Amino acid sequence: MKITALASAILAVVHGALALPARAPALDITLSQVNNTRIKAVVKNSGSEKITFVHLNFFNDPSPVKKVSLYRNATEVEFTGIKQRLRSDGLSNEALTTLAPGATYEDEFDIASTANLTQGGPVTVRTQGFVPIAMNNKIAGYIPYSSNELELEVDAVKAVAVPASIKPLDRRTKITSSCTGDRAAVLNTALRNAASIAGKAANAASSGSSALFAEYFKSTSGNIRSAVAARLKAVASEASLNGGGSTTYYCSDPYGYCDSNVLAYTLPSTNEVVNCELFYTLQEVTNDCHGQDQATTIIHEFTHAPGVYPPGTEDLGYGYSAATALSANNALNNADSYALFANAVYLNCQGQTGGQTMWDGNSQPGQTAPGTQTMWDGNSQPGQTEPGTQTMWDGNSQPGQTEPGTQTMWDGNSQPGQTEPGTQTMWDGNSQPGQTEPCTQTMWDGSSEPGQTEPDAHTTWGNFYQA
């Protein structure tokens, strides 16, 4: 199956067009006013495939999280609810929502419960960002969401009558009486580790690897490097003060917003940080690139607190794939970007994933097959090509087998995984499997007829942004 250079070029262009899904996965949010400050959000799966996502820190979360942004005269109204850090694996089913293509669900909430709207008058409401998708109860990637812009005329008298979601507590001490015994020891160690790791990350932001910095903050400009370094330096300083700084720290939950999926949360409006029970199950410091631990959880939470470094950050992209998909300006305002960068500096993670962290199919999805570019998505049709490699599914056995350093495929006549050296041997679907299609990259595409040629390209299919 030989083709000319011109045909190869034409097919490569066609491949580039076909590689994108017909309807990229996304959630569309329609906001409407129920009455005064009470809002209804209709969440719709606008993509072409069923998706499962984490609805914590999103619509359907019963906690007072930031679901929308509010603006008065183009200035954002201060949010007075909580910002949570979630576990990345072992998520409970109750934290997940599954939507078929075109399916919707609704969530109603009162924006006056998490913002001071007693002034009344015109307020603009909108939201956008990324929501984590999940597979096997683990965060495996992300999809974007965005809403319409809703204009309200707030009745101040009615807004005053809405109770605040967070009741003020006595905060006379910086590290509260909940931090005693073993929990005090855990917190003190975590603060020391956070101070050390954040300090190293601040130095790396100022004068370290530009490639590593750009991986997380999408820029190497001096202004952005200085801004990141300044925030991380402030986080390191806050952690080193061990209770003498701007935050108030709780070793247990005084407000009742922890659950089995939340590591910790911050109340930015009062600079309070709360550890949940799950925090104490984390390692002090992880050995895994982009893993979660106690130290980087504190870094994440301290970036939310404006008393540490104003303004506090948001949760715009959660996890490595979402955080590294943000623009430079959004990454500057994203808590997980700082925690992930600090982890990467500490463990020297540059190049270990290259942004190609995929499913391995043998354990939890989202793991990287170390030392190779062998990846599986475990979720779609066999024959998909993962970018940067020519390693593919065979569709007949278990995913996760590695064919390193070759274009090794199943030949169908003997044991799977045999190597056809010196060729790009694939299934052609028309005769016996294992035939050789020399001088081309002939492969299954999983969506049409087998045996199509995708010359001089890595054919990529898949309707999710992979983790």
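Glycine is treated like the rest: Cβ placed from N, Cα and C.
What Swiss-Prot records for this protein:
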type     : residues               : note
SIGNAL   : 1-19                   : signal peptide
DISULFID : CYS179-CYS251          : disulfide bond
DISULFID : CYS258-CYS276          : disulfide bond
BINDING  : HIS300, HIS304, ASP315 : Zn(2+) binding site
ACT_SITE : GLU301                 : active site
REGION   : 359-467                : region 'Disordered'
COMPBIAS : 359-451                : compositional bias 'Polar residues'
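Features per Swiss-Prot, on structure.
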residue: CYS179; record: disulfide bond; CB count, 10 Å: 20
residue: CYS251; record: disulfide bond; CB count, 10 Å: 21
residue: CYS258; record: disulfide bond; CB count, 10 Å: 21
residue: CYS276; record: disulfide bond; CB count, 10 Å: 23
residue: HIS300; record: Zn(2+) binding site; CB count, 10 Å: 29
residue: GLU301; record: active site; CB count, 10 Å: 31
residue: HIS304; record: Zn(2+) binding site; CB count, 10 Å: 26
residue: ASP315; record: Zn(2+) binding site; CB count, 10 Å: 23
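Between the CA atoms of CYS179 (disulfide bond) and CYS276 (disulfide bond) there is a gap of 12 Å.
One way to see the shell of the Zn(2+) site is to take the Cβ centroid of HIS300, HIS304, ASP315; the remaining same-chain residues with a Cβ within 8 Å of it are LYS83, GLN84, ARG85, THR266, GLU301, THR303, THR313, GLU314, ASN334, ALA335, ASP336, ALA339. Taking CA atoms as the reference points, the residue listed as 'active site' and ASP315 (Zn(2+) binding site) are 10 Å apart. In terms of Cα distance, the recorded positions that sit within 10 Å of CYS251 (disulfide bond) are CYS276, chosen from CYS258, CYS276, HIS300, HIS304, ASP315. Cα to Cα, HIS304 (Zn(2+) binding site) and CYS276 (disulfide bond) are separated by 16 Å. Taking the Cα atom of each, CYS276 (disulfide bond) and HIS300 (Zn(2+) binding site) are about 14 angstrom apart.
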